[in-house]
Amino acid sequence: MAAIDAELASPAVAAIIAALAVSLGPLAAGLGKGYSSPAIDSLQDLRGNFTHFSVNDQQVSWIASLSLLGALFGGMFGGLAMQFGRKRVLTLMSLPFSISWILTMFAKSVETMFVTAFVGGFCCAIVSSVAQVYVSEIASPDIRGFLSAIQKIAGHFGMLISYLVGAYLDWRQLAMLIAMAPIMLFISVIYIPETPSFLVLRGCDEEAHRSLQWLRGPHKNVELELDTIRSNVRTSRMNLLNRMTPSSVATSSNGVTNGMPNGDTAQQLPFAEQRGRRGLRDYLELVSFEALVVNVKSVLRNVRLVKPILITCGLMIFQRFTGASSFNFYAVTIFRKTFAGMNPHGAAIAVGFVQLLASMLSGLLIDTVGRIPLLIVSSIFMSLALAGFGSCVYYGETSKMLLAAGNGALADVAVANGQNDWIPLLCVLVFTVAFALGISPISWLLVGELFPLEYRAIGSSIATSFSYFCAFLSVKTFVDFQSFLGLHGTFWLYACISCVGLFFVVMVVPETKGRDLEEMDPRYVRTLTINR
C-alpha cells in the first residue's frame with residue numbers, strides 16, 4: 001500500500017488528509033454542477049462564434065438535464081460498485097470522469113455534448129457517493145460530522161469556482177479546467193489506504209490493521225476498534241443472510257454454502273484459506289444483485305416502511321421542484337433576462353457564495369433549532385422569495401414592453417436603467433439561504449434517520465434515485481414551463497409548490513431532533529408529532 005508517511009501525523013491529521021484527498025471527488029462534482037450556468041450563456045452568446053454549432057433552448061435543456069439522468073443511473077450502480085473497494089472505485093471512475101470533460105472540450109456537435117453530459121453525470125454520482133462512504137468508514141466518531149461536512153462544502157465550493165471562472169472563460173476552456181479535478185482525485189487517492197471496514201469484509205485482517213493504524217497514528221492501539229469493525233461486519237452478514245430466500249442460500253454440490261467452505265457459519269470469515277478469492281466472488285454475488293432484489297422486495301412488502309419512503313420521497317419532490325435546480329443550472333441565463341444593468345455572472349457568483357456560507361451554517365442550526373421549525377421557516381421564506389422574484393420579473397417585463405411600445409410615460413425608467421436590479425437579486429439570495437438552511441440538508445438527514453438500520457441502505461438508494469429523477473425533470477422542464485408560463489409564471493408555480501411543501505411538512509413530517517436512530521422505527525415514526 002502506497003501511502004504518505006503518517007509518522008508525523010496525529011490521528012486526526014491522518015484522517016483529515018484522507019478526507020481531503022477524496023473531497024476532490026465532491027469538488028469535481030460541484031464544478032460540474034456549476035458548469036451549466038455559465039456554459040449555457042456562452043453557448044448561446046451571439047456576440048462571437050464560440051461553438052461552431054448552434055443550440056436552441058430545447059437542446060440547452062438537454063445539455064443541462066442529461067447529467068442528472070446519468071447521475072440517476074450512476075447512483076444505482078454506485079452501491080454495487082462499492083463492493084469492489086472504495087479506493088478502487090474512486091481511482092477507476094476518476095479517469096472516465098475526466099475523459100468526459102475532455103471530450104466536452106473538443107465537442108464538435110451538440111449530440112457529443114449530450115453523451116458527455118450523461119457520462120459525466122454517471123461518473124459524478126458514483127464518485128460522490130463512494131467518497132461519502134469512504135469518509136464515514138475512516139473517520140472516528142468525534143470528527144465524523146466534521147469530515148462529512150468537508151465533502152458537502154467541497155461541492156458548494158466547486159460550484160462557486162465554476163460560477164466565478166465561468167465569467168471569464170468560454171464553455172470549452174471551463175470544461176478543460178473541470179477535467180483537471182478528477183485527475184487530481186486519481187493522483188491523490190493512490191496515496192491513501194483502503195477503508196478498514198472493506199478490508200475486514202474481504203477477510204484481509206492484516207491490511208485492515210495497517211490501514212487503521214495509518215489513519216489513527218503509529219502509536220495508537222487500534223485492536224479494540226478493529227474488533228468492533230469485525231463484529232459489525234459479522235452482524236451485517238447475518239442480517240443479510242437471514243433476509244435471503246431459501247433458494248438463494250442453497251448448498252452447492254461441492255459442499256459450499258453461500259460461499260462459505262466446509263459449512264462454516266456466517267459469523268466466520270469465508271476468506272481465510274484462499275485469501276478470499278473464491279469466497280469474495282461468491283459473497284459479492286450474494287451482496288450485490290441478489291441482495292438488491294431481496295432488499296427491494298422486502299421494502300415493498302413491508303407496510304411499516306411505506307411512510308418513511310413517502311416522507312423522504314415527498315421531501316425530495318419539494319426540494320427539487322421549488323426552483324433551486326433551475327437557479328443552479330440556469331442562473332446566468334435567468335439573471336441575463338431579469339437584470340437591466342447588473343452583471344449576470346456577478347449575481348451568479350453572489351448566489352454561489354451565499355449558498356456556500358449557508359451550507360456551513362446549516363449543520364449548527366439543525367441540531368440546535370430542530371428539523372421541523374427549520375423546514376417550516378425555510379418553506380415560508382422560499383415561497384415568499386419565489387413569489388417576489390416572479391413579481392419582479394413580471395414588473396420588469398411589463399415595463400420593458402411599455403418602453404418598447406413607446407409609452408415611456410407609463411414605464412418605470414428605473415427598471416430600464418437597472419436601478420431596481422437589487423430587488424430580484426435579494427429575493428434570490430433569501431431563497432438560497434432558506435433552501436440551504438432548511439429543506440436541502442434536512443431532506444437528506446431524514447433519509448438516514450427515518451429508516452431502520454437493516455433497511456437504511458436500500459432506503460437511501462430509493463430516496464437518492466428518486467431525488468436525481470426529480471432533479472432531471474425539474475431542470476428539463478424549466479424551459480418548457482418558461483415557454484408556456486413565462487419566466488415570471490414559472491417562479492410563481494415554484495412558489496405554489498413550495499406552499500404545498502409547507503403543508504406537507506406540517507401534516508406529515510415528524511420531528512426527529514434528539515431521538516436515537518434506534519427510536520426511528522417506522523412504528524415509532526407514526527406516533528411522532530411536531531415538537532413546537
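In case you wondered, yes, glycine gets a Cβ from its N, Cα and C as well.
Here is what TrEMBL records for this protein:
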type     : residues : note
DOMAIN   : 18-513   : domain 'Major facilitator superfamily (MFS) profile'
TRANSMEM : 12-32    : transmembrane segment
TRANSMEM : 60-82    : transmembrane segment
TRANSMEM : 89-107   : transmembrane segment
TRANSMEM : 113-134  : transmembrane segment
TRANSMEM : 146-168  : transmembrane segment
TRANSMEM : 174-192  : transmembrane segment
TRANSMEM : 309-335  : transmembrane segment
TRANSMEM : 347-366  : transmembrane segment
TRANSMEM : 373-396  : transmembrane segment
TRANSMEM : 422-446  : transmembrane segment
TRANSMEM : 458-479  : transmembrane segment
TRANSMEM : 491-510  : transmembrane segment
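Sequence-distant contacts of the transmembrane segment (458-479) (same chain, at least 6 residues past either end, Cβ-Cβ under 8 Å): 57-58, 60-62, 64-66, 68-69, 71-72, 75-76, 79, 125, 129, 292, 295-296, 298-299, 305, 308-309, 312-313, 316-317, 319-321, 325-326, 329-330, 443, 447-448, 450-451, 490. Annotation: stretch 491-510 has the most Cβ pairs under 8 Å to the transmembrane segment (309-335), among 174-192, 347-366, 491-510.
Between the transmembrane segment (113-134) and the transmembrane segment (422-446), fewer than three CB pairs separated by 6 or more residues in sequence fall under 8 Å, so the two stretches do not touch.
Looking at which of 60-82, 174-192, 373-396, 422-446, 491-510 has the most CB pairs under 8 Å to the transmembrane segment (347-366), the answer is the stretch 422-446. The stretches the transmembrane segment (174-192) and the transmembrane segment (12-32) are in mutual contact, each linked to the other by at least three Cβ pairs under 8 Å (pairs 6 or more apart in sequence). Sequence-distant neighbours of the transmembrane segment (373-396) (same chain, 6+ residues past either end, Cβ-Cβ under 8 Å): 318, 322-323, 337-338, 340, 365-366, 412, 415, 420, 423-424, 427-428, 430-431, 433-435, 437-439, 442, 486-492, 494-495, 498-499, 501-502, 505-506, 509, 532.
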